[in-house]
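Pulled from TrEMBL:
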type	residues	note
DOMAIN	38-138	domain 'Pirin N-terminal'
BINDING	His76, His78, His120, Glu122	Fe cation binding site
DOMAIN	193-289	domain 'Pirin C-terminal'
Amino acid sequence: MSNLEAEPAELVCDDGPGAGIQVLEPREVPLGGPRAMTVRRTLPQRARSMIGAWCFVDHYGPDDVAESGGMLVPPHPHTGLQTVTWLFEGEVEHRDSTGAHQLVRPGEVNLMTAGSGIQHSEVSTPPTRRLHGAQLWVALPDRDRHVAPFFEHAAIAPVTVGPATLRVFVGRLATDAEGSGPVTIYTRLLGAQLDLPAGATLDLPVDPAFEHGLLVDAGPAHLEGTELPAAHLGSAPAGRSRLRIAAGEHPVRALLLGGEPLGEPIVMWWNFIGREHDEIVRFRAEWQADVVELGTATGRFGIVEGWDGRALPAPVMPDVRLRPRD
């Protein structure tokens, strides 16, 4: 999915402070047009820009596709990141410039590594009546951010942990010493759907080196005693060896995100991640020249085969110079 804001802000992301549980409220962002679906964005924001290397969290639905128009995101670029698509309901068709063409459904993960540059499209399929899920981005560390782009898809089996059911779609649980995770990652991460029955409490062992976040899809949930309403993201700093997650009178469905602090600042503007202003300017210029104006497949981003239409133009750069800050 793309960041379709007409005037995307400069986002200089680094490891945020925090001693207790931080509750992050979502803000609504339209995906374009008067009837377009709206997403709820909890990362990045001024209060916190990253959880581990997770740097972007969009949560959407359940949407009646007949009312919202569903997901219709034209080809758009990415650099320096990985995108993760996870659905609760519906079906999305993915195409990208590596030649990948893949449907994703609930219980399956699409992971696209942009690396040095990629473009992709995402469209909800005609059979989809309700669309409900999340789009997540992972910032690549400096040593790996120029890798060649590639795409992965995996079906995720559920596992039982105490009273909860988890589907680990990125990384592994702290209790799974032998696991390597279903998809390729470049920093130590965790991404999982967590389902908890009404009235139940999960005392989950976690890696104390990880920051953690809990995005509540259905709830509310309680994270270490702090109530998290639906669509809110709770953030816990590193240093904990266990997380206590509780459901009240209603079952909880949530996404559990975690990771070691990235340890380096990133500049994120529109759909690009870089390290300084001139790099972002160059990415944008290449996208506009090679894809939007000429439609060529010779540049950094390639071309999405099978898409009948124009790619998404980049917004205008801000008047001020993008400056990394610690």
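For all residues, glycine too, the Cβ spot is worked out from N, Cα and C.
A map of TrEMBL features onto the structure.
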residue : record                 : Cβ within 10 Å
His76   : Fe cation binding site : 25
His78   : Fe cation binding site : 26
His120  : Fe cation binding site : 29
Glu122  : Fe cation binding site : 24
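Following the DSSP three-state reduction, the secondary structure of His78 (Fe cation binding site) is strand.
Summarised by DSSP class, the composition of the domain 'Pirin N-terminal' (38-138) is 4 helix, 68 strand, 29 coil.
Residue counts for the domain 'Pirin C-terminal' (193-289) under DSSP (helix as H, G, I; strand as E, B; rest coil) come to 13 helix, 48 strand, 36 coil.
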